[in-house]
Amino acid sequence: MTSVFEHVDTVIGWLSTNLYNVLIPLLLGVGTYMTIRTRFVQVRLLPSMFRAVGSSRSDADGGISSFQAFCVGLASRVGTGNIAGVSVALVLGGPGAVFWMWVVALVGMATAFVEATLAQMFKVRNADGSFRGGPAYYIQRGLGSRRWGMVFAVLLIFAFGFAFNMVQANTIGGSLSSTFHLDTAWVAVGLMVITAPILYGGVRRIAKVAEVILPVMALIYVALAVVIIALNITAFPEVIRQIVAGAFGLDEALAGTAGGILAALLNGVKRGLFSNEAGMGSAPNTAATATVSHPAKQGLIQSLGVFVDTIIVCTATAFIVLVSGIYTPGTEPESGGAVLTQDSVAAVLGGWTTVPMALLIFVFAYSSIIGNYSYAEINLNFLGLEGQRLRILQTLVLAAVGVGTLAELDTVWMLADVAMAFMAMVNLVAIALLGKWAFGALRDYDAMTKRGVDDRFVGRGNPNLPGDLPGDVWDPVDGAAPATTR
């Protein structure tokens, strides 16, 4: 039996490495293409992103608010990838991995804009007035292929319902057992008990929970990082030097492996994608549920989520670890990357921070578990598996949380990498083929902004689009007319 598990580990490890030989150029290539076609939307409309989040609210015709959708997306993004994942990337790829995480995030902001905008354009309305959508829906409705939509839905359910939630649970188990000297079996049971009520409550309950805990959690963590950087401000230039030098193989000793620049690139892309999910096709599932007057608005909001996740939160973790003085490339604590981050904070601020950091890590990872599940539920609905089958999914997700808490760290991370790669490749091809719809919606939004109006988007007879959108979600209302680029 042991040899069977070892063989499975070998296969998963091979896939985890070799799939990224295809995914890395695809991810960066599509991101660059989206950046150019949107005329650098991530830079040009960055102020509009903040305004869109601040002014979002739920409308009377159902759904959740843009801010709630932003928070649910952030709940999945801001988690283990920001704390444990960044530390793992530093250990395996050296400081240079941080640079490639930045690159993935910057081009990924354009990719995130496009996929979230497409999710809004091709969403469908439920009987209760709420919405659902995402890659499975825009693959079916935009490309006319339900088969590939189903393939994506199955991949996402496996990745987010099981593999990624095992990673989050594994981080919680390692952190709490290390800090409080708890038996991980009891941690697993406790985690399952507090997760069940949220999962059985559905997407709207998840949105309400995320809306409360995410902003506070992110602000506390970033404030902590600012304090640590301020106390070590003289080390700041050296940290920047290590990141840039490591990214281009100029400081081989810091690479952490024999791979040098390749190790930095591979681990930076892996952990960057796991953290911000840009191009993976996950965040569009909640982006579609939001009630907005224009698809591009939700695209801007989800693009901002990538910025917050990687440029702010992941960078905060990297600086915490690099200025701590305890970081050694290639040497990872037995309990995983989250413990390295905890130890780094304690090295700078003192041992009293161990308990607060463990609690913060718990909230990060726990919020990701409930955010990840919401994606799985939406795609189960796409497959037409509701009712009793939904209860089965919820039970299996709870079981995965328990197993993940107890599983081997390396196997769990590799499994997540493989699931993530397959998902991303399907979605990236889809948004490349459907990009013209999102570009048209952006032209429409730019035209409205130029005219100083905030009219409702119209999906039929719109000269900025390559055709009429299917369904009635974006049909003209009360004589609304599409914007014009002229």
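The backbone N, Cα and C atoms fix where each Cβ goes, and this holds for glycine too.
As annotated by TrEMBL, transmembrane segment applies to 12-36 (among others). Here the transmembrane segment (12-36) has long-range neighbours at 42, 103-104, 107-108, 110-111, 113-114, 265-266, 269-270, 273, 278-279, 411, 414-415, 417-418, 421-422, 424-425, 428-429, 431-432, 435, meaning same-chain residues at least 6 beyond its ends whose C-beta is under 8 angstroms from one of its own.
Among the features that TrEMBL reports, transmembrane segment is placed at 74-93 (among others).
Feature annotation from TrEMBL assigns transmembrane segment to 99-122 (among others). Long-range neighbours of the transmembrane segment (99-122) within the same chain, counting only residues 6 or more positions beyond its ends whose Cβ lies under 8 Å from a Cβ of the stretch, are 27-28, 30-32, 34-35, 38, 40-42, 86, 89, 93, 133-135, 137-138, 141-142, 243-244, 246-247, 264-265, 267-269, 271-273, 275-279, 281, 283-285, 287-288, 290, 292, 295-296, 298-303, 305-307, 309-311, 314-315, 318, 427-428, 431, 434-435, 437-439, 441-442, 459, 469-471, 474.
Taken from TrEMBL, the feature transmembrane segment applies to 148-167 (among others).
Marked as transmembrane segment by TrEMBL: 179-200 (among others).
Marked as transmembrane segment by TrEMBL: 212-231 (among others).
The annotation transmembrane segment is assigned in TrEMBL to 243-266 (among others).
Within the chain, the transmembrane segment (304-327) has long-range Cβ neighbours (under 8 A, six or more residues past its boundaries) at 42, 46, 49-50, 52-53, 70, 73-74, 77-78, 81-83, 85-87, 90, 95, 98, 101-102, 104-106, 108-109, 112, 218, 221-222, 224-226, 228-229, 232, 235-236, 239, 242-243, 271-272, 275-278, 283, 340-341, 343-345, 347-348. Taken from TrEMBL, the feature transmembrane segment applies to 304-327 (among others).
Residues annotated as transmembrane segment in TrEMBL: 347-369 (among others).
The transmembrane segment annotation in TrEMBL covers 390-407 (among others).
The transmembrane segment annotation in TrEMBL covers 413-434 (among others). Non-local neighbours of the transmembrane segment (413-434) in the same chain are 9, 12-13, 15-16, 19-20, 22-23, 26-27, 30, 33-34, 88, 111, 114-115, 118, 135, 138-139, 142-143, 148, 151-152, 155-156, 158-159, 163-164, 166-167, 270, 273-274, 279-282; each lies 6+ residues outside the stretch with a CB under 8 Å from one of its CB atoms.
Per TrEMBL, region 'Disordered' is recorded for 462-486.
Taking every recorded stretch in 148-167, 179-200, 347-369, 390-407 and counting its Cβ pairs under 8 Å to the transmembrane segment (212-231), the highest total belongs to 347-369.
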